[in-house]
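Residues or ranges marked as region 'Disordered' by TrEMBL: 1-40, 515-568. Annotation comment: TrEMBL describes 1-12, 558-568 as compositional bias 'Low complexity'. What TrEMBL records for 28-222 is domain 'Poly(A) polymerase nucleotidyltransferase'. The domain 'Poly(A) polymerase central' annotation in TrEMBL covers 227-371. Residues or ranges marked as domain 'Poly(A) polymerase RNA-binding' by TrEMBL: 375-433. The compositional bias 'Basic and acidic residues' feature in TrEMBL is assigned to 542-554.
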Amino acid sequence: MVGSDSLNTSLSPSPPPVEQKRPPKQWGVTRPLSLAGPSDADIQRNRELEKFLVDSGLYESAEEAAKREEVLGRLKQIVKNWVKELTRLRGYTDQMVEDANAVIFTFGSYRLGVHGPGADIDTLCVGPNYVRREEDFFYVLHNILAEMEEVTELQPVPDAHVPVMKFKFDGISIDLLYASISLLVVPDDLDISNNSVLYKTDEPTARSLNGCRVADQILKLVPNVENFRTTLRCLKFWAKRRGVYSNVTGFLGGVNWALLVARLCQFYPKANPSMLVSRFFRVYTLWRWPNPVMLCEIEDDELGFSVWDPRKYPWDRNHLMPIITPAYPCMNSSYNVSASTLRVMMEQFEFGKKICEDIELNKLQWSALFEPYLFFESYKNYLQVDINAADLDDLRAWRGWVESRLRQLTLMIERDTSGKLQCHPYPHDYVDSSKQCAHCAFFMGLQRKQGEVIQEGQQFDIRQTVDEFRHQIHSYLYWKPGMDIYVSHVRRKQIPSYVFPEGYRRSRHTRLMSQHQVDKMSSEGGEACRPGSAERVLKRKKELDASDLKEGRRPQKSHSVSPQRQVSVSPELICSRSAGTLKDCCSTASYTMEEKTAVEGSCLFMDGMTQQEAPLTPGDACTRSNEVGLQLVDRDKELNIDFIKPNQGMHCSENTDAGCVSSTCNSHCASSGGNLGINVEGPSLDRSCVSNTQLLSNKGRENDASVLGDGLREKLEPNAALTMVLKSGDGVGSEPVQKNVMSRLSLTSTA
C-alpha cells in the first residue's frame, strides 16, 4: 500500500509553477520615481519639441558630419606618425617602430552624440609610456601642427587643470588632450573603460582619461540613449540661452548637464524627451543641495586615486552642488559652483519649471522656454572687466586666463563682504570694434544678498578685493606687453552699446514687449516669483505716479507695492505650486506630493540619510516674511557704487562713477590705482524670486555634520519614504517647504 500510494503520488500531475514577476530593472542608486510612459498629449508635445530643435539649427548637416569624420581620420594618422618618429629617434628596433601606435578617442558632446553645428570636438590621444606630455606632446607635436597649413589658432595650455592643446583643423575646432599609459605598444582596440589603463599614471593623466571614461559610462547607465540625447541637446540649448552654461565661470558645463540629465532618465526610464524636460526642472528645483547627484555607487579601487568623499577630505564638504562622475576615480565635476552662481541657477530652474507648467496646460509654446535671459536688464549695477592685448593671438591666450579667474573674483567678493554682496558673472564676452587693439569685456551683475538689512550709506569696500584680483591676473606666466585688464563700475543706463545685439539700447517699451510670452508664464501669484518682474511693476508704478502729478491729480494710496494678483492668491494654490502640484493639469501635468517626497528621498547624503531640516520657529517665519517684503518693496532701489580716487596711481578723470574705460589701448581707467567702494542707498536690489529650493539648499549647507557618516551609501528607497508620508500624513522632509509657504501667506495676508 505504501508503495502504491507513493507511485500514485509520484504520477499525479504537479501544479503549474507560479510565474514570478521580476522587479523592473533599477537604473542608478535608487528605484525610479515613475515608470509611466508618454500619453497622447506627451507624444504630441514631443513632436513639437523636436521640430523646434530642428528649426533652431541644433543639428549639423550631413556634409559637416562627414567633414568631422575626415578631420578625425587625418588627426589619427598624424599622431601615429608622430609616435613612430619618436620611437625611431629614440633608438628602438625596427619592429618596435612598426608596432608603435597612438589612439584617438573622442569624449564630450561629440562622443555623447549631442554636438551641434560649429561645436568643437573633444579628443584624447593615448600613447605609450615613453612618449611624454611635456617634451613630446607640447613641444614636438605642437611644432608638427604649427607647420601644417590646415591648422590655425594653435594654443597650447600646458598648465591647465587638464592640460590641453586647442586648435582648428581645416576649420573644425579641436581640443586635444594627451595620456601616456603604462604600455610599450598601444593596441587599436584599447578598452579605455577598464581601470587597468590608470595603472602607474599621474593625476593629470587620470584627469585626461576621465573624460572618455565618463562619457562611456553615461551612455551605459541611461535607459534610453536616444531620449537622453534629445533631452540633453534641449537643456544645453536652454542653459546657453539663459546664461548658465559655463563651467569655468562657476555654472555648469557640458559634462555637468549630461550627468543631471542622465540621472533624470534613471528616475523616469520610460518618459519621452518632452516629459523629461519638464520633469528636469521639477526635480532639480526640489533637490536638496549639497546632496550629491550620482549615477552609480562611488567606486573605490586599489590604484590609490582619491575619490569624492566628504568624510575623508574636508575640502569636499565645501562643495555646494556636487555632481559626481560615474567612472573611477569618481570626482565632483561641479566644484566651480559658488553660492552666487548656485543662486542664479536655482532662479533659472524655477523659471523653467513655471514655463513648462504652462506648456503642459497649453498656455505657451516651447519657444517661450528658450527666451534669452536679459542679463543687462536684470541688475542696476555691474562690474565691467575690460581686457586688451597687442594682437588677436595674444588676446586669445589672455582672454582664456582672465575668464578662468573670474570665478575667483566672485569668490573673493563673497568672502570680503561676508556674502552680503552677490555677483552674477555672465559667461559671455563682448567686443568693442571701435578699439584699435584686440579687446573684449566681461560683465558681472551686482546685488545685495536677499533679506540683508543695511543702514543708510553703509559701504561695501572692495578696493582691496579688486587689487588682489588684478594682482592674481598679472601673475600670468605667459604675460606679454600689451596685455592689460581694467575693472570698472557701470550702472545699467551706462552699459556700452556694443553689448546689445542691434548695437544700440532698445527702448524700455520695446524690451518689455519682447518679454510678452515670458510674462504669460505667471498665473496667479506667479509674477512675483519671476526674476525682474517686481522691478518692472515698480517702474510702471513710478511712471504712473509721475504722470498723475503732472496732470495735477492726487495719486491714490496704494496698499501694497506687490502686484495686485499676489493678494488674491489662495493658500491652496500657493501650497500646491510649492509642492509641485497643479490641480488644473491632467495626468501629464500633475506633480503629486508622492512624487515630490520621492525626489526628496532620492537626495541622499553619504551615510544614506536624508537631510534633517531644522523646524522653522515663528520668529524665523516672521523674519523670512519680512525679507520677502523688502524684496518686493525695494526692488527698484540702486546700489551706489563709486570709484574712490586714491592719493596716487590713478590715471582716470574725476568722473569715474560713469565707469569710463577709454577706447584706446593706453587707457588706465580703473587700472592698478582704480579701487572700488560700494555705498548702499537704502534696501536691497535683490530679485523677488525666492525659491523654496534655495532655502532648502541654505539649510543643507548649515547641516554639514549630517554629510559625515560611517557607511559610504545606503540605498534609501523613495517608495519607503512615501509609505512614511502616508502613515504620518505630514511628508518626509517637506516641512520646510510648507512652512516657507506659510511665511509667504503671512506676507500676503498682511499686505
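Yeah, the Cβs are placed from backbone N, Cα and C, and that goes for glycine too.
Note that this is a predicted model, so its numbers are computed, not measured.
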For the domain 'Poly(A) polymerase RNA-binding' (375-433), residues assigned helix / strand / coil by DSSP: 28 helix, 15 strand, 16 coil
Per-residue pLDDT averaged over the domain 'Poly(A) polymerase central' (227-371), given as an integer: 95
Secondary structure content of the domain 'Poly(A) polymerase central' (227-371), with strand meaning DSSP E or B: 75 helix, 6 strand, 64 coil
